[in-house]
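**Student:** According to TrEMBL, the record shows the following:
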DOMAIN    128-162  domain 'LRRNT'
DOMAIN    344-396  domain 'LRRCT'
REGION    55-105  region 'Disordered'
TRANSMEM  410-430  transmembrane segment
Amino acid sequence: MMVGAPDPLPWLSAADSNPFFVCKLAKVLSLSLFWSEQKQQVPKFGAFDTPTPIEAKPSLPATPRGCRAGGAFPDGTAREEDVPERLSASSSPRPRAEPLEPLPPRGIMRDLTRRLLLCALLGSVGAPCPPRCECSEVALTVKCVSKDLRSVPTGIPGYTRNLFVTGNHIRRLGPESISLENVTTLTLSGNRISVVESHAFSGLLSLRSLDLSNNQLAVIHPEAFTIPNLSLRELNLSMALYNHSAVLDLASSLSWSSLRSLRVLDLSNNGLIFLPSQIFFNLNSLHRLLLSNNSLVAIHNSTLSGLEKLQELDLTLNAFKMFPEEGLRELDTIPRATLFLGENPLTCTCGIEPFALWLNRSQSRVGDADDLVCSLPAAMRNTSLLAVCKLNLDCHQRDPEADMALQTSYVFLGLVLGFIGLVFLFVLFLNRKGIKKRINDMRDACREVWEGYHYRFELDSDPRLSQVSTGADA
């Protein structure tokens, strides 16, 4: 095959990803090429031509293979030395032969031979299905569903692109658990997985979608989701965390693992009450972030940093009562994203005004802006948040000048109280001797009274002393 020439069998080269399909295809092509070669050996004559021998010069060489009858090349040019003498007028009509098809190049035959050898090898080896699993070669899928497995089964066929291992009892995932280079979709939901070790998915070089939903992840190594060629695009962790404290391990894993190509991250239904600062900082290519059905109450500063390419943020079914100005500034850092904020218990008091103003200004960015309503107080329940700004919430704006005057008054009052304290201490210092004498006199008086009570107690407790005391008095 000539260098730079197009591949004569592009569809056959593209089929290399499925060797079993190549086997069937190569067999059909080999038969087709065989019959094509046989057809070229016997020229076809016209329906009304009579095949009579042709007189030619004895020294005329045979017509080269691939040339037209009569010494013409396929492009129509003729070679003078190869043209025979003209037939005499009395001779029979010359037979008209149809043009021959050129034989396939040797490179194609070598390619077919290689594929046929591969077919023979695959036919002898086979692709067995693991026990308690269902395999489909046509769909390139293996399913091991609710089979009480304790680990990911071994012996999974190499053609597998979609692997489903769900509803089992797999407690941990390590780097030795799965090693399949061709798998693109891996579903491990509902397996009660609690530990994900370092580089647990490093053997999945083509992995694009990973589903760990409905598990009990309590320990997540910082490099748990590291994949060598950054192929992971979707990560589903819905209802996957054991409790809300596992978000700290998850934050470390999202920061240390190589997930710069991740497009979709699902953290819904995990009972999260907060998000650590810069938890998504390294997810620069993230397009969708699903945080619905958690217990989030606020979006703090730097929570959404690094998500400049985000296109969708779902915060529905959380515990947001209002969005303070800090949270609104954080939402403004993702201007391309469509926000979903519905099904939150919004409280329409004075604190909701900044959010209501922001919502009217950014209504085009909020996908469910028309569905945002007040939950409290009861008088404003089901009132659209877009109309809150037009209602009287009895919110009095504080005058900055009044605040400044109040602060000055506090400072002056502090100075006066400090001066009074200093005067009081000075007076005590001047009268220290008199105060000391007065304290000593009070101590002596208290002592005499105490001794009198003690003497009376002794007399009352001892009858003999009381008789002596009575005789002395007589």
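The chain as shown is numbered from 1 upward.
Placed from the backbone N, Cα and C atoms, the Cβ positions cover glycine too.
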**Student:** Could you count the residues of the domain 'LRRNT' (128-162) that DSSP puts in helix, in strand and in coil?
**Tutor:** 0 helix, 9 strand, 26 coil
**Student:** I'd like the per-state residue tally for the domain 'LRRCT' (344-396) from DSSP, helix first, then strand, then coil.
**Tutor:** 27 helix, 5 strand, 21 coil
**Student:** Check the domain 'LRRCT' (344-396) for me and report the mean pLDDT.
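**Tutor:** Mean pLDDT, the domain 'LRRCT' (344-396): 87.
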